[in-house]
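According to TrEMBL, the domain 'Tetrahydrofolate dehydrogenase/cyclohydrolase catalytic' annotation covers 4-119. Under the heading domain 'Tetrahydrofolate dehydrogenase/cyclohydrolase NAD(P)-binding', TrEMBL lists 138-279. The NADP(+) binding site annotation in TrEMBL covers G164, R165, S166.
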Amino acid sequence: MRIMDGKALATKMQADLAQKTAQLKAEHGVRPGLLVILVGEDSASQVYVRNKERSALAAGFKSQVVRLPETVTEAELLRKIAAYNQDPAWHGILVQLPLPKHINEEKVLLAISPEKDVDGFHPTNMGKLWSGHPVMIPSTPAGIMELLKAYEVELVGKRALVIGRSNIVGKPMAQLLMDAHATVTIGHSRTQDLKALARQADILVVAIGQAKFVTRDFVKEGAVVIDVGMNRDDNGKLCGDVDFESVSEVASLITPVPGGVGPMTITMLMEQTYQAALRSIR
Ligand code: GUN
């Protein structure tokens, strides 16, 4: 078994990105700008947003986090997004999810200009991805594809099972694997005999949001296992959706939590912001 070191790959990609960013500034006078909107006090979101800002600044981007109170109205949020859409300083705009219940998430995601939607959540960008012409790709699946590439995982003709069907991870992940010529199945919490299905997979991507859900008996000998989960176990320790200890005995490659998919997600968000800045000068 080999560990897929997302932290190491992310560190290398971030260094490359800082260099590309400096070059973009020197040659075109353009500094990539990432604007993050955070509504409310969700503690996980605060950590994610802080990490995004830190990463953006390390890459040499302009970066701002707009913190709005839990009580902000939907109309006010939409007005702010409309203003940032018009501001050429921002190449990437993202609204951290989840949003408070009184705000319609779909409306908010629709309001972000597709050219600045670095999360790739706007229906236009989702549609482009599904029709095989991706522009903005959700960061987590994009980061997983980079990891698979870096570790030279053969995908052509292989069986891939994605466990989880969210718009953020499961659906775009399936599409990217299909584009890479894998034979893809999406499983989820209602799938019958998920274990038997999983045991057929050469590549297993797990994003079901349940601590240590995938155990050794889900995994074929030699499979590649990607763990998107971020949970706390009974002892309060950070863990994924995969039971790393038992699964690492059968997998050929596996991502750890932390240090696997997570660092790649942030890195890809920065990469997409850089790409959006690059497109803005063309
Ligand atoms: N909340 C959890 N993951 C994400 C993400 O990738 N983007 C945004 N905007 N919110 C999230």
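Backbone N, Cα and C define each Cβ position, glycine as well.
Automatic, uncurated: that is what TrEMBL annotation is.
Projection of TrEMBL feature records onto the structure.
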residue	record	contacts (Cβ under 8 Å, 6+ apart)
G164	NADP(+) binding site	G170, M173, I186, H188, V205, V206, A207, I208, G209, V228
R165	NADP(+) binding site	K171, I186, H188
S166	NADP(+) binding site	A207
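Taken residue by residue, the domain 'Tetrahydrofolate dehydrogenase/cyclohydrolase catalytic' (4-119) breaks down under DSSP into 62 helix, 18 strand, 36 coil.
Residues of the domain 'Tetrahydrofolate dehydrogenase/cyclohydrolase NAD(P)-binding' (138-279) grouped by DSSP class, helix first, strand second and coil last, total 53 helix, 26 strand, 63 coil.
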